[in-house]
Structures are given as structure tokens and as C-alpha cells.
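Down below is the structure, laid out as C-alpha cells.
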């Protein structure tokens, strides 16, 4: 019944198993990947025909995590998986980026790749297993695919690289790097690092590329037994070849002339006009205008790429290494806690920092368990930033991915909660875009956080590198434009400080690049990053000495652990009363640390005094101001130290004989009392008789102590 095949290898100290032929047999390709006890089902399905008028490659990658994989039931009212989580979106992109360049250039059939996490052992990352499985599924499917591709995760600790570190090991690693590629070279890199050098980062990429060669061999071995017959790819017809030559004759010179314009919007108009002229000419000649559009795109790319390689100059007139002009401004929004406007050429980011309390932390429900984060970065790319009309709404995959890249760049430089107990939210609004908006977000975020008074260890900057590679040579471009990104072969983003790299993301549009090119790009990126940091320093070089006057002021105090219950009170009654009385927000940790967030010093003082009053122990002989909370025949109960009450015996109410308690005090009276001692149950014995009720002075010597009662 099953045409089952299995391939197992030892990889990174545990078995990696690839299986096919038992599950999802109606998909073009289906592979179950098991790594440790993490299991991922990966499928690939392709449409056999192209939709009419299709002029792009419709590849969709969906990575999905099932709650049952970790023995959990989804939360919420419906108790089932809903919209993709952030990690699902990020891992979908992680799989998409290395496989997309490996389809034939003119392939337009719809392809859908799905990775479903079926089991998660809470040690082995399902994203790596998913990427390997999707590559294997495509390799087996018969869909035109120039793979296989494989991937691994690389850590770095104690001067050594770690292959596929477990989730607990990642907590001790100075590097979290994912590298993917073919047997020939690297296709994709994604990383977060603790200010590591270019040599260490390049070494990690090389280490990873060598490490996953065994996986590529395993996929090939599985394909030798289980692969389906490859699809036939139609060769270009004589008519298509003739059409391409005709378009080249009609359009090359006009498009090259249009690209002499250095202002983006004007250039787009001229290039668009040149293309329309070519299409109009083809229509009058009776040629296929629909088929001509993708050929025109290829011609446009060839014109731009050839100009860079032939002249060493780019669309906007810069040489290969020059960074566009930079203007940095901070404190531009009066009520924001921190703000910055970072402009680099025709790319601009308005970045705003908001400070909150522990109550504002984001709670993330992941397969690994629920955890909290006090740093959020949200990247928005409205259509007006490129002069277009478009959809406005929830963030798309690209916005989530760009925001996470900037988050990785900044995260290693943030202060610890013990020194800066704030929750930080960053919003980056891209107000203009002509390439490298995610790196503008990194620069703007660094400035906005420092403007908000966040003590960053060092400022962070980012730069996007590009590549033009042909048989006759290559050129590495610094600070690429949008057109250079679209028409080039590489988008290589590098962020870091003057001390080292904190984030790196590389996407390749060709089959691979060499270590030589990566080394040149990293060196050129370092020069560009240091230049950008110098320009940013003209606005701000370090965090302001204090947070904004509009931000909450957080004060941290500690109380004994055994006193936490007293501060909270039964059912939270006491803490609610303190919040209502002071107007401050209060967070209590299990270790006895209490964080008080207040909009004014008075609010903080009121909350601190009330808490200290609750946890303080009465001092023998000390005098306190209190309030009578209850009267009885034998005396009065006085609340004198936070929530603590004590008894003033009727004999200690006044100097003379007192016949009735209410002759001296009534409920609600404010009185001054002295601590005389404690009974055998710890109850406090108080006296009003030995305290001057006007001045609060101790008058024991003048009135004398009350003699004790004779023994019965």
C-alpha cells in the first residue's frame, strides 16, 4: 500500500531522518523530517499550467505550528489555531528565501510549499527541520527546482562554533545564525550576534555551509529512490527569441537614457514612458504585447547591471562604495518619550520610542512555552512612502520580517531589567523609501531609544549591500537603492556598532555566492557602518541622562519575601488600595522586588511610604501617628504602621483614670502612640498616656510609667 523510503544520518550529535511515501501521498512531494523528537511534515504541490497573463512566479510558503506538537491546547474562545503567529511568518520567510532563487528564471506555474510541525521536543528547532524537509519535498516532486538546498543553525560560545545548538544551549551562545545553501555555495544567512567581528561571522557561515553538506547528500540519496519524473520545460520558441531581439533593438537605448535621471520619481516616469513606447511599437507590428512585458523587465535589468559593471557608477551617480547623504534629528515629537527622524537619500524613517512598565510587556505563547518580552519593534511601510496608493491594514509578512531584523540588530545592546526596568516599544514609520528602509529603521531606533533616555551600550547602525555578478566580473554596492535591490543579485543587510556585528541578513537571487564576495561585502559594509555612525553622532552619541518628563518614573524597592503577601493582601485588596491611594502602577516580583511607576514624584512617594509602612516592623519605644479604627470597653485599636494595628489599653489612654474609652477617643481620631512592647502572640501594646498629643513628644519621665497589675 505504501511506497515507503527512509534515509537516516547522524548530524550534530543526533539522528536526522527523512521519510517519504507514507503521509500526504497526493502531494507532488511529501517528506517527514525527524530531528531528535521534533517532527515536521513538508509538502510541495505545483500547478501543471500557467494562468493566462501570469508574469511573475507565484510561490507560496506556509510554515505552521500545531499546538498538539507540544502537548498543548490553543487558547482563546475557539480553542483552535488561528492567524499565523509572528514566528510562523518569520519561519515561512526563512524557508521561502533560499528556495525561491532555485526555480527556473521563466517558470510561472503556481507552487505551494507547506511545512507543518507535528511534534516539538523543546530542544531541536523545527525551523531547520522544516527548511530541509521543504527542500527535499521539492527535490522529489518533479517540479523544476535546481536544488537540493539545506540549512543549519550555528552558535558560538567559548571561541568555538556549535552545530545546531539546542534551545537551552542557545541561551549561552553569543551567536544565533541560520545559513542555507546548495553544495556550491550560500544562498541565505539570518543572524543575531553579540557584537562579533566580520571574521567570526564569515567563519560561522563557512562552518555552517560545510556542516550541511551531509544533509544535501542525504536528500540526493532519497531522491535516487523516490523522486518523480521531472516536468518538461518548454524551450524558448523562435518567435520568443525574435521578440526578445526586437525589444532589445527598440528599447535598450531609450531605457538607458531614462536611467540617466537621478531623481527616483522622475526616473520612474521616464523609464515607464520608454517601456510604453516599446509596447506601442510592438502593437503596431502585431507582436504579442503580453509576452513582451517580462522581456522588457529583463532588458531593464541588463541595462542597469551592464552600466554598473562597465562604468563603476550607479543609477544616482555614486561610485560603488559611497553612502547617500544622511540627516539625523532627535526629539522632534514633543509628547513622545523619544523620537528620531533618520533620512538617508530618498529613504526616511520616523521612529518613536515609548516607555512603559512591566504590565506593558508582551506575552508570547509559543510551543516552547509562554514567555514575556520587554522590547517590541513594529515596522510600518505605508504606500505613500513610495508615492503609491495601496492597502492599509494589519502588517504583512515583509513588514514583520523587516521589524524582526531591526529588533535583532538592537536587542544585544539593550540594558538589563535590573538597571533599566522599563518596557520599550518602538514604532518605525517609513515615510519615504528608496531602498534599505529596514536599515534606516535600525539607525532611527538607536537614536530614538537614546533620546528616550535608554542607556544603550553603544549606538547601532545598519547598511544594505548589493551585488551585480556576471561572467565577466562582479561589483559589490554599498547602501543600495530600491532599483539596485530589485535588479541586482544580492540583498545583504549588516547592522552593528563600532565594536562588531549585531545582525546580518543575506538573500541571494542567483544560485550561490563565493566566500570571496562575502568577505568583500562584509569589509565594505563595515566601512559604511562606521561612516553612518559618525553621521548619527552629530545628533546624539549616548542615551540622555534621564527619561522624558512625559514617561513614567520607575522606582525599585525590595521587601522581604515573607512580606509580599502583606503588600498584596487577601484577594489583592491591599495592593489595589495602594494603587488607588497613590495613582501609581505597581508590579511585584516573586523575589520581593517591587517596581513603582508614577507620573510624578508625589505619586511615587505616596506608594513607597504606604508599602514601607506595611512591611516595617514596629520599633520598641518609637512614637507613631495612627488612626483609631475601633473602640472597646478595654481600650482602643489604633492603625499606626501601614496595615498594622495595636491596642491602647484603657489605662494607657490618658494620665488620669478613664471610666469609658469613648470619653478620650472615638473611631476615626488621629492620635500619637508609643510602642510599649509585644505580648506573647506578637500583638503590639501602645500608649497615648506617655505621648504629648500636641507635639508628639515622649513625656514618660514627667508622668511616670504605669505600675504593673498585681498578680492574682
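Using the three backbone atoms N, Cα and C, a Cβ is placed for every residue, glycine included.
What Swiss-Prot says about this one:
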BINDING   485, 491  Mg(2+) binding site
DOMAIN    552-611  domain 'KH'
DOMAIN    621-689  domain 'S1 motif'
When the number of other CB atoms within 10 A of each residue's CB is tallied over all shown chains, which of the binding-site residues 485, 491 has the maximum?
-> 491
Averaged across the domain 'S1 motif' (621-689), what pLDDT does the model get? Just tell me the whole number, please.
-> 89
Work out the three-state DSSP category of residue 485 (Mg(2+) binding site).
-> helix
